[in-house]
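Record features, source Swiss-Prot:
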type: SIGNAL; residues: 1-19; note: signal peptide
type: DOMAIN; residues: 21-82; note: domain 'LCN-type CS-alpha/beta'
type: DISULFID; residues: 31-81; note: disulfide bond
type: DISULFID; residues: 35-53; note: disulfide bond
type: DISULFID; residues: 39-63; note: disulfide bond
type: DISULFID; residues: 43-65; note: disulfide bond
């Protein structure tokens, strides 16, 4: 019985853990950040574990972030960059 309670509690804790997501970080206009300044610093400043430079068609070199929080926007492939 005690094992069942401990297992249930552990399962609840694991399910409640918020995980991040990977993707190309974007600004409010769905435009990617290009690889300067270095991506690792930009991604970490926004709560990611790490970042690197990747190639995104048709944007070119863009910052890819690993394990970004849910509140940080990532590239929506169905939407274009709205610079204007």
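Quick reminder: no glycine exception, Cβ is built from N, Cα and C everywhere.
Not measured: the values here are computed from a predicted model.
Features recorded in Swiss-Prot, as mapped to the structure shown.
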{"residue": "31", "record": "disulfide bond", "Cβ neighbours (10 Å)": "15"}
{"residue": "35", "record": "disulfide bond", "Cβ neighbours (10 Å)": "18"}
{"residue": "39", "record": "disulfide bond", "Cβ neighbours (10 Å)": "24"}
{"residue": "43", "record": "disulfide bond", "Cβ neighbours (10 Å)": "23"}
{"residue": "53", "record": "disulfide bond", "Cβ neighbours (10 Å)": "14"}
{"residue": "63", "record": "disulfide bond", "Cβ neighbours (10 Å)": "27"}
{"residue": "65", "record": "disulfide bond", "Cβ neighbours (10 Å)": "28"}
{"residue": "81", "record": "disulfide bond", "Cβ neighbours (10 Å)": "14"}
Which whole-number mean pLDDT does the model give the domain 'LCN-type CS-alpha/beta' (21-82)? 94
Could you state the CA-to-CA distance between residue 65 (disulfide bond) and residue 39 (disulfide bond) to the nearest Å? 8
Out of 39, 43, 53, 63, which of these disulfide-bonded residues is nearest residue 31 (disulfide bond) by C-alpha distance? 63
Just checking the disulfide-bonded residues 43, 63, 81: which sit within 10 A of residue 35 (disulfide bond), CA to CA? 63
By CA distance, which of the disulfide-bonded residues (39, 43, 81) lies nearest to residue 53 (disulfide bond)? 39
DSSP-derived structure type at residue 35 (disulfide bond), helix or strand or else coil: coil
